[in-house]
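According to Swiss-Prot, the protein carries these features:
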- Lys119: active site, N6-AMP-lysine intermediate (ACT_SITE)
- Asp35, Leu36, Val37, Tyr38, Asp39, Ser88, Leu89, Glu117, Arg140, Glu176, Lys301, Lys325: NAD(+) binding site (BINDING)
- Cys416, Cys419, Cys434, Cys439: Zn(2+) binding site (BINDING)
- 611-692: domain 'BRCT' (DOMAIN)
Amino acid sequence: MKKNSQIRAKIIELREKIEKWNHHYYQLQNPLVDDLVYDKTLRELEKLERENFFLFSLEELNQSPSQKVGSKITSKFEKVAHSSPMLSLNKAYSNEELEKWAKKASEILKTVTFFVEPKIDGIALSLFYQNGNLIKALTRGDGVFGENVLVNALKINDEFIPKKINYLEDLEVRGEIYIDNSTFASLQLETKKFKNPRNAASGILRRYKNHKPKIDAKSIKFLEEESDFRYLKSFFYTLVNPEKHKINSQFDSINFLRNLGFQVNPFQKKCSDLKDVFNFISIIKQKRDFLNYNIDGVVVKVNEFSIYEKLGSTSKFPHSAIAFKFEDDIAKTKLLAIFATIGRTGKVTYNAKIEPVTLAGSKISSAILPNYSYIENLKLNLNTEVYIKKAGEIIPQIIGSVHNYPKTNFSIVKNCPKCNSELVNSESGLDQFCQNQFCPEIILQKIVHFCSKNALNIESLAQKRIEKFLEKGLISSACDIFYLKDKLELIYERLSNKNQLLTKQNASQSMQIKSIMKLLNEVERAKNIDFYRLIFGLGIRNVGLKAAKILSRYASNLSELRNLDFNLLKNQHDFGPVIIESLIDYFNNQKNSEQLNCLETVGFNFKTTFLTNQSNSWASFAISGKLSKPRDEYVRIIEESGASFHESLTKKTDFLLLGQSAGSKIEKAKKAGIKIINEVQFFDLIKNSKKT
């Protein structure tokens, strides 16, 4: 009896934990744990409930989160019943589990086929059309009732949420709203309030505004938030009641949706059998790190709709589809220590030392912890077991504790680990900064960034050599690098070891001095760079490579950049108030002004690869499909030719560069009269543009 009591208590504890996680995930857009930790806990609950169902009444079993979808709706949006339940998907974690699921379909239909596509980590949305017009947009909610977020769906770009379609029958389609990774990175420059792309997509889609304020100074924040809807994208994958539209398979329904102008994932396949399914899953798994959106597995569906009714469903998921989850990139290890490091902007990053463990083929001994709030939320404890995940990151992340603890036993770092200055919290309260401009670590990291590949690309000045130059008093700022040539005697003297005095006469025989001469040659070459590289190298907070390229269109040298009215850029090219404020703060800082004064004396010969005004660009390009080179390479070529690039098709788009497995852009380009070109034609255009 005592054992039963303990098991019941354990099940109740797991239920409460999952209910809390569901509320934070679905309603607050603030996930407390990683999906892999959530799935492990839910599976543990399901197993315990299966084996000990007799400990609960039928009503208690039905109220378990293992039997429900989503979370209770608590928002201010209108609550609307779904035409048919918006169910979740059952999960398979191994080939054996997938085979077991597929066996039931094979028993009903001997020649069953399957449809496979990536499982997008986004926000489920159901759209309703009458007479070709969008009239309703429901979130998943609790699976039975959803929130009608039509007012927000109407603000999303037509390419991703069609407001009008060429189909007059009543139609309901379901899909996923998401933010791609590169867009999320840009969004993070403007606000740090979103933890991940899914969190951002949910926060924007479910943003509630009960009125539109007057257009005055106080409404600026409202207008900025309204523009966030441009970040949202979509993939649609479900046609509700397909037989009503004479659609008999998932493959046909995807083509139907594509022809109506809905975004569908181009990375999908109709598979003839399970062997074909497993092969395609392997391909998706290999390529997922190269996708520009997050996936947490694949969805496998029975292709033939004719057997869906016989397959049936539970209250939580249908038997006609299953999610195959990737789980091999999570491991268990021991958290040995946590320590803080300082970056070039003074931002504090917490780092974890862990017991070495093999993960995704690599031996891992460290992990990243973004900030102290992350440590607090996960309730991480030193010398305890933790889960660690690697999904494309160079440095893996700790995603949760194996065991439950009431709080963390690691205290927040209050002083800079290098200069001991008191750390200051950001406005959001999430990040901490060292604001001592003379902090040796900040100075070091600024110079490291200045010399990095995407900035001045001075390979001979790696971090260890920069540390040595700082230690010996040979440099104190990035600009000093350009005057090392005037300090040769001092370099010979201070870099000589105790056993060998280096003089100017015998210096040529020294490998060390040869290395110095190589460095000086690289420094000289660095004077002939694209201006955007220097802007990026300045290390202005929130100004990344993309923003630096845009700034180089408005200024061709440091003097012009310093005199630029940055407020003119507000709400252009994704330049929001955070970037504008960072630019103004940087150029108003006395220490930065001294650095800029020094750099203006260097004698740079900047390449003029970018237009000073984007409105003068000779053409506008968009890209669809897989090309022979990485997409970033084509974007670089486009921009350096003086043309402009856009992720989406617009009225101003002149050319669509088409690769393999192109998506719906091709049909939209044809309708809009946009010229479609291949790679050969593209390079001919670029070549000819340089002649004019």
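Backbone N, Cα and C define each Cβ position, glycine as well.
The recorded positions near Asp35 (NAD(+) binding site), taking a 10 angstroms Cα-Cα threshold over the set Lys119, Cys419, Cys434, Cys439, amount to none. Within the same chain, residues at least six positions away from Cys434 (Zn(2+) binding site) with a Cβ under 8 Å of its Cβ are Ile342, Gly346, Val348, Cys416, Lys418, Cys419, Ser421, Leu423, Val424, Glu441, Ile442. Cys439 (Zn(2+) binding site) is 39 Å away from Val37 (NAD(+) binding site) when you measure Cα to Cα.
Counting residue by residue with DSSP, the domain 'BRCT' (611-692) contains 32 helix, 16 strand, 34 coil. Our reading of the NAD(+) binding annotation (Asp35, Leu36, Val37, Tyr38, Asp39, Ser88, Leu89, Glu117, Arg140, Glu176, Lys301, Lys325) yields a largest Cα to Cα distance of 25 angstrom. Val37 (NAD(+) binding site) falls within a helix when secondary structure is assigned with DSSP. Taking all protein chains in view, 21 other C-beta atoms sit within 10 angstroms of the C-beta of the residue listed as 'active site, N6-AMP-lysine intermediate'. Of all Cβ atoms in the protein chains displayed, 15 besides its own lie within 10 Å of the Cβ of Cys419 (Zn(2+) binding site). Taking the Cβ of Asp35 (NAD(+) binding site) as centre and 10 Å as the limit, one finds 18 other Cβ atoms among all the protein chains shown. Note on the domain 'BRCT' (611-692): its mean pLDDT in the predicted model is 79. For the Zn(2+) site, the Cβ centre of Cys416, Cys419, Cys434, Cys439 serves as reference, and the other residues of the chain with Cβ at most 8 Å from it are Ile342, Gly346, Pro417, Lys418, Asn420, Ser421, Gln435, Asn436, Pro440, Glu441, Ile442. According to its DSSP assignment, Arg140 (NAD(+) binding site) is coil.
Between the binding-site residues Val37, Cys439, Val37 has the most other Cβ atoms inside 10 Å of its own Cβ, all protein chains included.
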